[in-house]
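Annotated active site, proton donor per TrEMBL: GLU274, in sequence order. Feature annotation from TrEMBL assigns active site to HIS299, LYS413.
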Amino acid sequence: MESFLTYDDRNMRITDAERRSVRKAVLEAHMRIEKARVRGEREFLDLPFDLRSMTAIARAARRVQKRFTHMIIVGIGGSDLGARTIWQALGGSKATLTFASNPDPESISHLLTSIDWKQTAMNVVSKSGTTLETMAIFMVLRESLIKEVGTKHHAEHIFVTTEPSPDSPLFQIATEEAYEVIPHPLNIGGRFSVLSGVGLFPAAVSGANVRRILAGARTAETERRERKCESVAARFALNQFISMTKYARTNHVLMAYADLLSQFGFWYRQIWAESLGKVRHGVSIGPTPIAAIGAIDQHSQIQLYNEGPDDKTTTFIEVERFRRSIRIPKVWGNHEAFDYIGGLSLERILHDERAGTEHALTMHHRPSGTLRIHAISPESLGSLFITFEAATAYMGELMGVNAYNQPGVEEGKREARRLLSR
């Protein structure tokens, strides 16, 4: 079975003895996760195998493609970060995607002036059907749509992704208005939902190969189930857990050396922070995820990582082969400052800059690991998604926290609603 993702953790500055001391806890975490999965409580781990839902998603996407060349995704957090990541990394030849997540009047005003509604569909995404920001933007865009195409035909443009439950006001509205519903899995939180219709419906509309995304995720998830503690997900969680609990390295940097993976860093930031930043037995605990991009952040962050507080781990994502190759021309040979790069590829520069950064961190006794993918492909993206979801599950078990709720988010939502209702 081909693996689309490998993990080199030799520079994590964790000894074999330290790993052995936590191995039993990791195995117990694995068994708890598997028992919960079999009971239907960790359904996100089974999404890569759900080909029936994939068929329904593909049919809905084709209906969009037949009529529209553009789709706006209205969602926030887990309701749009995964789709954003896929769109950035893979693009698509069937339709253009635009994302509306923040109720910023400047950005929404700009969007309103640029929409050709006759060519545009809208996918409104909210698991609960109550998300304040999403519903506010939807109401504004819906009004604009109706002005353009009329009340009678506006429903043909709208696709709703929400829990098919009477508890979801958005589902009730979709039923009343005859909007097509893409079901949000009932037992899967938004930040774990990228491999469902939440992430795959927009991807399929754009023309991305979602079956290959699921194939990559299946490969990684099968490897996790078979290798248990030795899987990439379990090893990643083990390294971060030991670094955090034994060495107080609570800042976890994910530094992808590829522009097309910058959105993946934001997706990781949400799942790691919202799942693991919790109060346990009255004590606030959790890692702080940091998204970085190489080589750009070598010129903004690496000074801190090398000589600042030793409170970080750094995980690189390295793309072994880019889809395009560009050679640097040989010019200015009389200038030693530039002569040595003439004839090299830009890909070579990124690879060697990552290696140089890794070396510098090692010389400063700072831990780092490297996740490697062959290329930015549907399979590698699917592998990354499911691996980080599983690693989050392992980390939650090791920390003894509920990785699937977000009470700290709900408090702010309640206060915002109170203020808005005055």
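Placement of Cβ uses the backbone N, Cα and C atoms for every residue, glycine included.
Annotations in TrEMBL come from automatic prediction, not curation.
When other Cβ atoms within 10 Å of the Cβ of LYS413 (active site) are tallied across all protein chains shown, the result is 14. Counting every protein chain shown, the number of other Cβ atoms lying within 10 Å of the Cβ of the residue listed as 'active site, proton donor' is 23. Here the Cα atom of HIS299 (active site) is found 28 Å from that of GLU274 (active site, proton donor). GLU274 (active site, proton donor) sits 14 Å from LYS413 (active site), counting Cα to Cα. Cβ neighbour count for HIS299 (active site): 8 (other Cβ atoms within 10 Å of its Cβ, all protein chains included).
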